[in-house]
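> Next up is a structure, given as structure tokens.
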Amino acid sequence: NSSDLSPSSFILASIPGLEAAHFWMAMVLCSVYILAVAGNCAVLFIVKTEPSLHAPMYFFLCMLAAIDLALSTSTVPRVLSFYWFNSREISFGSCLVQMFLIHTLSAIESTVLLAMAVDRYVAICHPLRYTAILTNAATAKIGLVAMARGVLFFLPLPLLLLPLPFCSSRVLSHSFCLHQDVMNLACANTTPSVVYGLTAILLVMGLDAIFICLSYVLILKAVLRLASWKERLKVVSTCVAHVCVVLAFYVPLIGLSVVHRFGKNLAPLVHITMGNIYILVPAVVNPIIYGVRTKQIQRRIL
């Protein structure tokens, strides 16, 4: 029988020829994960204990840190058990849950990055109305909308995969579960799943990227109206951290999408490396960027 309506498990991808190096690869991955957890927990603690940081910009930063913690924790421990204990199988239900968490948390992070861009736009273009527009209540509502948006758009992804029959090959391309990766193993028409997945990504990450770019176009126009270069550089410097965080999120996302779309014949190492970069790089880089760029956070760390 070449298919199964309800596969009991999937097989996580390994790198052929590097099985002997799994222990050391896991050590590197574990070290990066610990760094990500420590950095994001430090951001949460510092913002909570420093009254001067109780502002919308830093509340959004806390949301970002919490999302990065959840995203890395939903994947890395399972990957480490694979590398250290050779536990390659993941149950069908656990795979769908992990897939839902990865895509939903990524969508929430994208929405929070858009909210941070709007925060910078209001602070620079409408500074006198900043406190009236971005109140604590408005910030909390934005966080709830981001969460609801991610759940509503990406909950159908695992539901669309549930009724599909799967082929005898159950080997994934990554060390964790992604929608397109699992969908490619199905032995039926996956057009509804393909169309919905693409639509969800375009309506969430795609629109967010467009509005982030639009925010910075408006910010740039406002900066160019300033009289001196010193003032311009001072204003632009307040956006550098957010631009770096946006790039740290979208560049691995686009890279992973390109690998899935055009890299079917690439070596497994490329797929696994790109997947790990997508999961871990933003979680590690974000607290470092804001730690370097924010004087209040620097002082609290010291």
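Yeah, the Cβs are placed from backbone N, Cα and C, and that goes for glycine too.
Pulled these features from TrEMBL for this protein:
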- 20-46: transmembrane segment (TRANSMEM)
- 39-290: domain 'G-protein coupled receptors family 1 profile' (DOMAIN)
- 58-76: transmembrane segment (TRANSMEM)
- 96-118: transmembrane segment (TRANSMEM)
- 130-155: transmembrane segment (TRANSMEM)
- 194-219: transmembrane segment (TRANSMEM)
- 240-263: transmembrane segment (TRANSMEM)
- 269-292: transmembrane segment (TRANSMEM)
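Looking at the shown structure, what environment does each listed feature sit in?
Same-chain residues lying 6 or more positions outside the transmembrane segment (96-118) and placing a CB less than 8 Å from one of its CB atoms are 57, 60-61, 63-64, 67-68, 70-71, 74-75, 78, 90, 142-143, 145-147, 149-151, 153-155, 157-158, 161-162, 176-179, 182, 200, 204-205, 208-209, 211-212, 215-216, 242, 245-246, 249, 253, 279, 282.
Here the transmembrane segment (194-219) has Cβ contacts under 8 Å with residues 106-107, 110-111, 113-114, 117-118, 120-121, 124-125, 149-150, 153-154, 156-157, 160, 179-180, 183, 239, 243, 246, 250, 253 of the same chain, all six or more residues outside its ends.
Within its own chain, the transmembrane segment (240-263) has Cβ neighbours under 8 Å at 64, 106, 109-110, 113, 116-117, 120, 173, 178, 180-181, 205, 209, 212, 216, 270-271, 274-275, 277-278, 281-282, 285-286, 289-290, 292-294, counting only residues six or more beyond its boundaries.
Packing against the transmembrane segment (269-292) from elsewhere in the chain are residues 13, 15, 18, 29, 32-33, 35-36, 39-40, 42-43, 61, 64-65, 68-69, 71-72, 75-76, 79, 102, 109, 173-176, 178, 241, 244-245, 248-249, 252-253, 255-256, 259, 263, 298, 301: each is 6 or more residues past its ends and has a CB under 8 Å from a CB in it.
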